[in-house]
Amino acid sequence: MASPRARLPPDGLSSHHLSKSSRRRSDAEESRATARTLLLKGHSDPVSCLAALDGGRLASGSWDNSVVIWSQDGTQLAKLEGHRRAVWSLAALDAGRLASGSWDNSVIIWSLEDGKQVAKLEGHTRPVWSLVALDGGRLASGGGDASIIIWNLADGTQLTKLEGHTSYVQCLAVLDGERLASGSRDRSIIVWSLADGTRLSTLEGHTSAVLSLTVLADGRLASGSGDSSIILWNPADGAQLATLEGHTGSVQCLTTFDGDRLASGGDDTSIIIWNLADGRKIAKFEGHTAMVRCLATLDGAALASGGSDETIRIRPVLHPAAYRFNACASAEYRAFEFEDVARSCRKEGCLGDLFEAAAVQQFDEHIGGLSASASIARQAHVFDALAKVAKEDAGFRSQMIDSLAPSVLALVRDDALLPDMYRRGVSNAAIQELAPSPLFRVVLDAKFAAGPKFVLYFELLIFIVLGLCFTRVAPYQVFARGEKWFPSENIVEIVFAFVVLAYFSVREIYQMAFTRAIELESSEEQLDDAEGLAAYLADAIVVPLHLIACCAGKRDEFEDWSEKAIREPIRYDALTFLGLSRAWRYDYWNWIDLATIGCAWAAFSRAAMPGARLSPDLAVATSMLMWVRFCWYLKNMRLGWAKFVLMFEDIVWDLRYYLFYFLVVLLMFASAFYLYLGPRKSDEFGFHDGHNAFRTFPYTVYNLILLGFVGDFDPDNFDEVAVRVLLVFFILVVMVVFLNVLIAIVSDSYDLSMAKAEGLFLRSRCELITETALIASLLPTRCLPTHDEATIKASLALALRRATRQADDDPNRLNYTINAVAAIVDNRTQKLEAELAATRRELSEMKAMLQLLVDKGEERHGLLRRLID
């Protein structure tokens with residue numbers, strides 16, 4: 001048997017940790033690590049148990065026979081190996097020790113200081129399913145042999161053996177210093193006296209195995225079962241106090257936090273948060289892709305879960321405000337619900353907590369069963385509600401800004417904020433909804449100013465110089481003439497162009513690699529079984545490398561590496577594996593960049609060759625692409641400049657169906673005119689230049705386009721009645737119907753694009769910040785603006801004032817109409833709310849009057865009875 005040992009963490013355990021390690025973070029940023037969901041990967045089999053340790057550390061046990069110790073930020077600190085079979089239970093002990101129970105029927109006591117085995121307790125004849133630490137240096141273990149053993153940790157001896165269950169002892173919980181509760185597959189819960197080992201009571205109510213137990217803050221006991229229910233018990237008398245139902249599979253694990261909240265995980269891959277005060281389900285987390293097997297609370301600030309998907313997720317414990325807006329608009333967006341939540345938080349002085357709770361929605365969880373995009377959209381509604389509440393009470397605005405500033409600053413300093421959105425696959429529509437929110441706009445503006453802005457202007461400058469070099473080189477090459485400013489001008493321009501093109505090429509390759517890494521990091525939940533071309537491609541790459549690895553004696557290592565690096569990426573998407581991620585290839589600007597860089601390389605390389613000349617076609621293509629690329633820079637610099645580019649993009653996209661049907665109609669008429677006036681009449685008449693306008697089919701299409709859009713035609717060409725009727729019909733369809741439809745489409749697209757221009761512009765800025773993050777991180781910090789609470793407060797004040805002005809003075813006619821209608825609706829809503837409040841007061845007064853009448857009637861009735869008596 002291999003000796004027990006602690007192993008150093010391998011590389012690549014936590015993508016979040018790796019992404020953080022390469023960035024410069026302040027102390028405030030480090031504290032932010034607990035406010036996002038961490039995804040930990042270190043086990044090769046299902047994670048079966050968790051235990052919270054001191055200092056925010058976490059221990060996890062797995063079917064891979066190992067125990068892993070994790071730090072608060074997701075770093076693997078040690079790997080404890082000593083069990084021969086799966087680790088099923090863990091218990092944190094005093095004096096820096098940890099106990100682990102296994103399917104090898106043993107319990108091992110570990111020293112967390114050096115990762116060495118301190119003792120090995122053997123007494124069970126079947127797997128050890130559960131462990132719990134007792135006071136007085138004792139440990140309780142429940143096994144598959146239906147017994148519970150109480151151990152003396154000082155010398156490893158058995159103090160007591162409790163027997164009463166008829167099947168596996170699945171779970172244990174300490175009620176107080178003298179009582180122990182045990183749950184079993186025999187569907188019962190037994191409460192034991194630790195003083196003498198006697199059975200105090202038996203709790204029966206579940207219809208399937210009792211799989212989990214936890215003790216609540218007020219002394220009640222909660223049990224989870226294979227019957228999908230959770231029962232709350234009074235251990236004193238065995239009474240069932242409440243039954244919680246919400247899972248669709250067995251309840252595998254339970255834990256409590258914040259005193260009045262209970263978390264449960266189950267076979268249905270979800271974690272449900274319950275309000276113990278009324279038994280209401282207040283949140284649902286969906287992140288695991290397989291059974292949730294274990295839960296643990298870390299320092300009351302985070303909830304850890306382990307599952308059969310071999311991962312551990314550590315989530316922040318949300319503020320109660322989060323659960324309020326989680327209940328808002330689960331099916332559809334109703335703005336007033338979010339505004340009511342914001343107003344209630346304003347009265348309670350917890351707006352900062354509401355903002356931070358909404359920001360948590362942006363991370364790795366599908367809270368409340370929502371998709372990543374839906375949770376981002378709901379976050380936008382919360383931010384908008386906060387801004388609206390601030391506008392309602394100008395005197396309260398400064399107080400609100402003071403409460404929001406620390407949370408906003410934390411988002412500004414969170415470098416993984418935007419990459420996480422793209423990694424989770426948040427839709428462009430959701431980002432466009434979130435980005436214009438005044439509060440999130442402050443975050444974007446601060447992030448843009450802290451590096452990406454400098455990168456953008458620097459790249460624009462060198463791109464303009466590159467364009468100037470091309471305007472000097474191209475004419476000299478194409479026309480073979482031109483005056484030089486100095487003898488070696490062309491050489492200097494070509495060398496500079498090569499340097500600039502090398503920079504842009506490296507940047508494009510980095511962007512492709514960056515988007516590929518983000519997609520592959522989030523691909524595990526979307527993997528399908530490889531088949532068809534993907535399977536053949538994977539085998540074609542892996543099989544030859546596998547033979548080489550076998551010859552080198554690295555078979556096992558290669559199989560693990562090839563599964564993660566080759567087979568999984570191919571199963572996700574073959575083009576992503578090759579470097580063309582979906583996010584990259586679905587953005588047409590990336591293809592324009594690629595074409596621009598390629599044509600520029602070809603043009604300047606041709607110019608650098610002795611005796612070679614730059615062809616006019618290549619020069620024209622390069623010139624046009626560079627001008628299009630220049631529009632991209634304008635689009636990202638200012639909203640006013642971006643509007644036209646965004647408008648043009650939307651109009652072209654909206655015209656795709658129109659152009660298709662126009663082409664169909666054009667080909668229909670072209671075939672008719674070609675058959676009527678084709679080559680057989682080529683000698684009878686001409687078309688301005690002495691040639692038949694319809695001598696070939698392509699030439700017919702070309703002339704019909706001129707006829708439809710320019711009105712250029714020769715009446716002599718249409719010398720027959722049928723041809724003239726066809727001409728009139730063509731003019732009616734194309735020049736009247738199609739051209740008016742074109743005008744309508746362009747007009748509507750213009751209005752819509754102007755209405756959503758700010759969202760499109762800010763979404764583009766999000767992409768720019770993400771793309772330039774690496775380059776911006778290399779810039780010296782002394783050259784960049786710094787952000788603290790004072791600057792964030794000033795930005796928030798400006799953003800709220802700007803939001804108020806924009807709503808009143810938006811020049812776009814569609815936005816103006818929307819704002820006008822919204823103002824009318826708000827006014828009527830306020831009137832209805834006032835009328836409803838008055839009605840409630842009247843009803844309250846009527847209720848008081850009725851109660852007074854009832855009281856007087858009872859008095860008279862009592863007096864009458866006394867008189868009769």
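Cβ coordinates come from backbone N, Cα and C, glycine included.
For the ranges 262-296, 297-331, 542-576, 822-856, the feature annotated in TrEMBL as coiled coil maps to 822-856. For the repeat 'WD' (244-284), DSSP puts the residue distribution at 0 helix, 26 strand, 15 coil. Through the fold, the repeat 'WD' (40-71) approaches residues 9-10, 13-15, 34, 77-81, 83-92, 96, 98, 100, 102, 110, 112, 115, 290-291, 293-299, 301-302, 304-314 of its own chain, all at least 6 residues removed from its boundaries and within a Cβ separation under 8 Å.
For the transmembrane segment (655-677), the residues of the chain that approach it from at least six positions outside its boundaries are 692-694, 696-697, 700-701, 704-705, 708, 717-718, 720, 722-723, 726, 730, 733-734, 738, 741-742, 745-746, 749, judged by C-beta separation under 8 angstroms. If one looks beyond the transmembrane segment (485-506) by at least 6 residues along the same chain, the residues whose Cβ comes under 8 Å of a Cβ in the stretch are 459, 462-463, 465-466, 469-470, 472-473, 476, 593, 597, 600-601, 604, 607-608. Sequence-distant contacts of the transmembrane segment (454-473) (same chain, six or more residues past either end, CB-CB distance under 8 Å): 482, 489-490, 493-494, 496-497, 500-501, 503-504, 600, 603-604, 607, 614, 622-623, 626, 629-630, 633, 636-637, 768, 772, 775-776, 779, 783-784.
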